[in-house]
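Trainee: Below: one structure in structure tokens.
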């Protein structure tokens, strides 16, 4: 009989507790570290991760969750589905990174958000000529490494249904799921090899099944797992779901011969008692939240587990999803107050909670009474802490009226904004400029106490002056100050708003080597002082051209933070919106004529099921409009959106009512413009004309061709010219070359009009 484990997690972080992987990968890209050195570091990171999970008490440890860049890209490589354009690159590793990042001659794969999280994956491209072929070397190697360390290893792979549903069809309109029969034999081969290598269990992730799926898709998934579970030589199969309820897919998967099903009981609401086939399954219950950082209510979690005991064959405790989405450990946080610390659980602490619940399930709650008592005490102090309830903030929210989130009609605003006297096809950038060595040195010196605040501010003002001078030299029309003072577009504001806490080492992976430190929104939000006015007005004093005020919108601040779970998201969004509204009014009062309120994460919080989406879109649009409706008609409001499948939220983008919307569109080849046209979008739009996530410098004619394509869908008087995202992560030389070509392309197309 297959061994049934009792405590596990669905995945773990891979960047390293001190971002070791990020630094090593970037050193490899820069030529400072060779492939052997990178491999040695990766092997050590895997060893440390697996042994810490085993030693914490997990009796099944996920492996193959490590990745140099992205686990979906790893799956494409495993299935022989990297794009043809990288085939000529000799090195496997360089071919992999070229698909992820591109190079001087190769465009990268598109990137988009992983379901409704702030992690982003590379979108595989599947064409009619794609010939799938199995390369199991990575997963087999990691299994071998783990077994050599006496790790109770459970290999993890992205499932065939999810892989196809998340991929992009190229050169054909046929549904990619029609090719499932081509993939199932490869997975069958993989299962046989894993069994031969000693795997007792394999976890096959199928999170795509928690979104709305039609009967044909569910039937296809059932057929696939009927075939895989019918194999004679294979490990036990755990089909893992997360980020929501399986719904109709649950009985379909339960009716197959797979031994286990992992279910998200934090984000989902599946009623297991209604699925009789689960009485023959090993159910892995995700009762510890893998996406947020709040301490688990152990009493409630154990009660939930208790209700499942009669509905399942056997039961294990787990996180609701991979711990990829939370920081490593609270131990690295030294500046956090005692009360707030007691309310939190990062990765290490969540593993401890899983083990505690597993012990309570198998040995009785009395065996872990102390842990349960600590959890109860933390919940009690959180419920009574005065920081969570600010009477002034609550009164202001209660006083809002239906007219507060509204502005004048767009035509009236356009007339008032004509005083800006901008040319057709005005050029601008999204906001941030490269974080130069000088910026990083100054920031580190201030942190170590080697320079005082006055010297730091002096150096940052010099950076602002350099960025303004560069933009004038390049002849851009609307300028930005470059954001040298900002370490992160959300954390910068969180550090200045009451109700937030910014961690020292709470790093999580956003994509590739890009890591972020999401702040913690734990209480009511209030702005005590202006946050950006001094920086923007200084930049404006250096030029006669308009300089944009740069703010982050309320939805993005929520999406890229760990948000309190004791009140509706809409309430927290409106609190943040009022703080941003006050800042826009202050910027206008200081003479700033254009204010950009970025909402790159608008799509990320969209619920996965259609029935839940209208409510979210109502409050998210309302929060943006509340944040931007305090200014006069003559102040031009911009917003920026990125990493999004805009078709699903395109009407909401129009409802934001921003005067100009810049959109990441370079990797998706301007597809979003057709969606905008279809909903009658009649405001300014700046589709990104080149991809800043790739180090390649686009040519003038390449950018001009993108502009000509955009003009087929957008009237010239409404089209803006900009990159598709901020320039923070790029090098100064490539930024200058790219922007020079952008301006030259705009001038070229203007001359053709």
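Backbone N, Cα and C atoms are what each Cβ position is placed from, and that goes for glycine too.
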Trainee: Among 331, 586, 598, which residue shares the L-methionine site with 430, 431, 432, 483 according to Swiss-Prot?
Mentor: 598
Trainee: Determine which of 201, 560, 720 appears in Swiss-Prot for the same 5-methyltetrahydropteroyltri-L-glutamate site as 19, 20, 21, 22, 113, 514, 515, 604.
Mentor: 560
Trainee: Around residue 515 (5-methyltetrahydropteroyltri-L-glutamate binding site), how many other CB atoms lie within 10 A of its CB?
Mentor: 16
Trainee: When you put residue 725 (Zn(2+) binding site) at the centre and draw a 10 Å sphere around its Cα, which of the binding-site residues 19, 21, 113, 432 have their Cα inside it?
Mentor: 432
Trainee: With a radius of 8 angstroms around the mean position of the C-beta atoms of 430, 431, 432, 483, 598, what other residues of the same chain does the L-methionine site pick up?
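Mentor: My list of surrounding residues reads 429, 480, 489, 550, 596, 640, 726, 727, 728.
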Trainee: Cβ distance under 8 Å to residue 430 (L-methionine binding site), same chain, sequence separation 6 or more: which residues?
Mentor: 480, 598, 640, 662, 722, 723, 724, 725, 726, 727
Trainee: Return the residue, from the listed recorded positions 19, 113, 640, 693, with the maximum count of other C-beta atoms within 10 angstroms of its C-beta.
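Mentor: Going through 19, 113, 640, 693 one by one, the largest Cβ count within 10 Å is at 640.
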